[in-house]
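Peer 1: Quick one: structure below, then a few questions.
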Ligand code: GLT
Ligand code: MN
Ligand code: MN
C-alpha cells in the first residue's frame, strides 16, 4: 500500500498511550493548560486519525481507589469505544511511580512492604491488561533508582528487581496470559539516577532472569538522546539480540530535561536512520508514540501532535525506500564497502591453519589508511534526500 498522502491506517501499527494524548500540560513548574480527555473520547479521536491501538497504565483507565463496580463499568465503556473505533490494546503497564508509596522505588524499595505492594499492584494491572487483550507488558522503572547511594542497596536492588520479574513472569504463565515483557531503560528523571540506564544494561540483566525468552527491551528515543547517546545504535544492538519487543518513539534535545517531543521534530537524521533500520529489518510490532503535545497547545494542538508523529514516520519510511532505490546512493554505498572473498573465509570460523595464514599475511597499512571511504558524499546525498532535493 502506498501512502502518498502520509495518512496512516491501522496496518501501520501506530499506537499512543492514554497518558500521551491525554497529557494535560502539567509540568513541574505549572498547572495543567488543557482539560482532561476521557478514555472513550481518546479512542474515538485516535480511531479517526488512523491509529492501531492504545496503551495504558492501570490507573490511566481505572482510578486507584475505584470500587469493583466502578472498575467494571469503566472497563466495559472503554472496551465498547475500542470496538466502535477499530482499536486494540497491544501493550499495558503499571503505574509504579505516581503514588508516594513508591517515592524510593517499587520493586527496588528498601521497604519489603513496598516491594510486596508493587507486586500486588502489578499482578492486578496484568489482569486488567489481559482483560483488554494486551500481549506486551512494559516495565518502566521510573522510581527504581536513587539520588544518594548512602542507603547502600545497589546490589540488593538488582536482586530485588530480578526476584520481582521472575515472580511476575511465573504469574503470567500460571494465569495463561502469555505476556512478553519489555523492559524500558532511562538514565535519570524522575530519580537522580535510574537503575539499568541503557538498552545494553537491560540486555545484560535479561540474561540473568529465569525465563529470559519472555523478556525483551522497550527502548525510547528520548531516553538515549537525553544522555547524548545515538538511539539508532542502541536499537540496532537490541535487534541484533532478538529483543526488540516494543519501541517508544518521540524526540528530545540532548542534555535537557525529559521533553517527550513529537516524533521527528528535533533529530531528523537519527529519526530517519531509525525508521530505515526498523523498516529494513522488518520490525512488525507496534510503534508507540510516547510523547505529548507542547504545554502551549490546546486540544487542536494535541491532535496536530498525534497526526504529526504518524505523518513524519510515514514520510521517513518513504525516504528510506527512496534511499534503498536511489542508484547514486547505492553506488556510493557499494563503493564504501570493500569485500574480499579470500579474507572473508580466512577471518570467519577459527582454525589453526587460518590463524597461521593470517599471521603470515602482509597488509599495506599505508594503502588502508590512505583510502577515502566517500562518507562525506554519501552523507550529503542523504541530506539532499531528506531535504527533498533528490
Ligand atoms: C512515562 C514514561 C515513559 C514510559 C511510560 C510507561 S510512563 O510516561 O516517561 O517513558 O514508557 O510506564
Ligand atoms: Mn519517556
Ligand atoms: Mn516510554
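Note that Cβ sites are derived from N, Cα and C of the backbone, with glycine treated the same way.
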Peer 1: According to TrEMBL, 184, 248, 290 bind Mg(2+) 1; so which of 173, 210, 220, 266 is the extra one listed there?
Peer 2: 220
Peer 1: Looking at the recorded positions 60, 184, 258, 290, which one has the fewest other Cβ atoms within 10 Å of its own Cβ?
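Peer 2: Each of the recorded positions 60, 184, 258, 290 was scored; lowest Cβ tally within 10 Å is 258.
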Peer 1: For the binding-site residues 220, 260, which one has the sparsest Cβ surroundings, going by other Cβ atoms within 10 Å?
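Peer 2: Comparing Cβ neighbour counts within 10 Å for the binding-site residues 220, 260 gives 260.
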Peer 1: Which recorded positions among 57, 60, 184, 220 have CB under 6 Å of ligand 2?
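Peer 2: If the test is a Cβ under 6 Å from any atom of ligand 2, the answer is 220.
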Peer 1: Find the one among the recorded positions 57, 184, 220, 290 whose C-alpha lies closest to that of residue 260 (Mg(2+) 2 binding site).
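Peer 2: That would be 290, the closest of 57, 184, 220, 290 to residue 260 (Mg(2+) 2 binding site).
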Peer 1: Measuring Cα to Cα, how many Å separate residue 248 (Mg(2+) 1 binding site) from residue 223 (Mg(2+) 2 binding site)?
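Peer 2: That separation, Cα to Cα, works out to 9 Å.
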